[in-house]
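S.K.: Questions regarding the structure given below will be posed in turn.
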Amino acid sequence: MNFDEVLDRIGGFGRFQKTLYVWICLPQIFLAFHMLVSVFTGAVPPHLCRSTWPLGDVGSPRLGFNFSIAPGDSCTSVQDGLLSQLNHSLPITEHSSTSNGCMGGWEFSKEVFLSTVVTEWDLVCENATLNNIGSSIYMFGLLVGAVLFGTLSDTYGRRMIILIGLAVQAIFGVGVAFAPNFYIYVLLRFVVGMTISAVIMNAFVLGTEWTGPKRRMLAGVITDYFFGFGYILLAGVAYLIRDWRKLQLAISAPGFLFLFYIWVLPKSARWLMASNKHEEALDLIRKAALINGKPLEDDDIELCQSPKNSEKVQDLRKYTVIDLVRTPRMRKQSLILFYLWFVNVLVYYGLSLNISDFGMNIYLTQMIFGLVEMPARTITLFTLNRSRRISQLAFLAIGGLACLLTIFIPDGR
């Protein structure tokens, strides 16, 4: 019998698999933290150039300057807004906020955020592109991590890469909180991005490789629920911690608790068999069967060791990424899937990482976005087992239409 039949024999989603999914799902919460924390740590509060205001006795704007007239994405309207509130003329000198930069330094509103990377390193106006470049480099880390750790997991196993990913993520995540300058910050975030791909991909693969075909779709969606929960929880954590360094530390330091995964996270028996480590694979299968209350008999063990079963598992090793584009049919299907992933990720993170532009309470918006994930995941449980093509078409059409309709929303509404 092949490996799927072995899983059915020992219990395709028994106590062993359910325990495994507890270990797999917990890190998903922290993956969501790291993926979306830049919404808060990289936010741009309202700001103005210090050299454009008339100083009071303690070196602050007179008359209680209202930062609401100095939008965070504007560099040219700050002077005009200040003039309007103070109701007198301020000459624009060489130290004012002009195209030559702000010579007196920037003052940022602390109404929503005590500090962000933007306020700490003055990433506004002529330096605003650095913040966007930093986000792009982080996303590039996700790409590099997917390619690198996807390949390494086939050589060293899913468990090993997950453990390495969690350890490096905790170390470098904490390191981000102590970054001395923006460039070190970006470098450390790049590494964190790599580890996210390492953990999220291999955790998904490890879970599905241990799950029987009947429950595989359900198991695959379970991890997404925990990512969504992390999405929601981040709004609360960020609301309570308004300083970017403390927030970064709060979402990274708990990662060291995953050290105990060394003792509880199992290897993939399917990968062990594909790597010709049959005895180790059989020991794991026996353990899983015993935990699930379906211990294997001698006849079952002989079937697991049969050459026919080994050949079917070993065949998986003959395929590479090149096979995705080798034949015309596979090339067509692969290119379609590549495009679908591209547009979905573009819209998903384009919206998720720019919720500060919505003009609403950023914490409430973050929570709403996370809450929406829950029914969305649930709907897929009822559609994927019917028609993947139709459901994909329907979801893309609805999502695309919703994006287009935003064009007709009046400004300021």
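Cβ atoms here come from the backbone N, Cα and C positions, even for glycine.
Caution: TrEMBL annotation is automatic and unverified by curators.
What TrEMBL records for 52-413 is domain 'Major facilitator superfamily (MFS) profile'. The transmembrane segment annotation in TrEMBL covers 20-44, 136-153, 160-178, 184-206, 218-241, 247-265, 334-351, 363-384, 393-410.
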S.K.: Would the transmembrane segment (363-384) count as touching the transmembrane segment (247-265), if touching means at least three Cβ pairs under 8 Å and pairs must be 6 or more apart in sequence?
M.R.: no
S.K.: Should the transmembrane segment (218-241) and the transmembrane segment (20-44) be scored as in contact, given a threshold of at least 3 Cβ pairs under 8 Å and pairs 6 or more apart?
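M.R.: Contact between the transmembrane segment (218-241) and the transmembrane segment (20-44): present.
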S.K.: Under an 8 Å Cβ to Cβ limit, what residues of the same chain, 6 or more beyond the ends of the transmembrane segment (160-178), are close to it?
M.R.: 27, 30, 34, 149, 152-153, 185, 188-189, 191-192, 194-196, 198-199, 202-203, 206, 245-246, 248-249, 251-253, 255-256, 258-259, 261-262, 265
S.K.: Could you tell me whether the transmembrane segment (247-265) and the transmembrane segment (184-206) are in contact, taking contact to mean 3+ Cβ pairs under 8 Å with a sequence separation of 6 or more?
M.R.: no
S.K.: Please indicate, using numbers and ranges, the residues of the same chain that are 6 or more beyond the transmembrane segment (20-44) and have a C-beta under 8 Å from a C-beta there.
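M.R.: Here the qualifying positions are 72-73, 112-113, 116-118, 123-124, 128, 131, 134-135, 138, 162, 166, 169, 173, 192, 196, 199-200, 203-204, 206-207, 210, 219, 222-231, 233-234, 237-238, 244, 247-248, 251-252, 254-255, 258, 261, 264-266, 352-353, 355-356, 362, 366.
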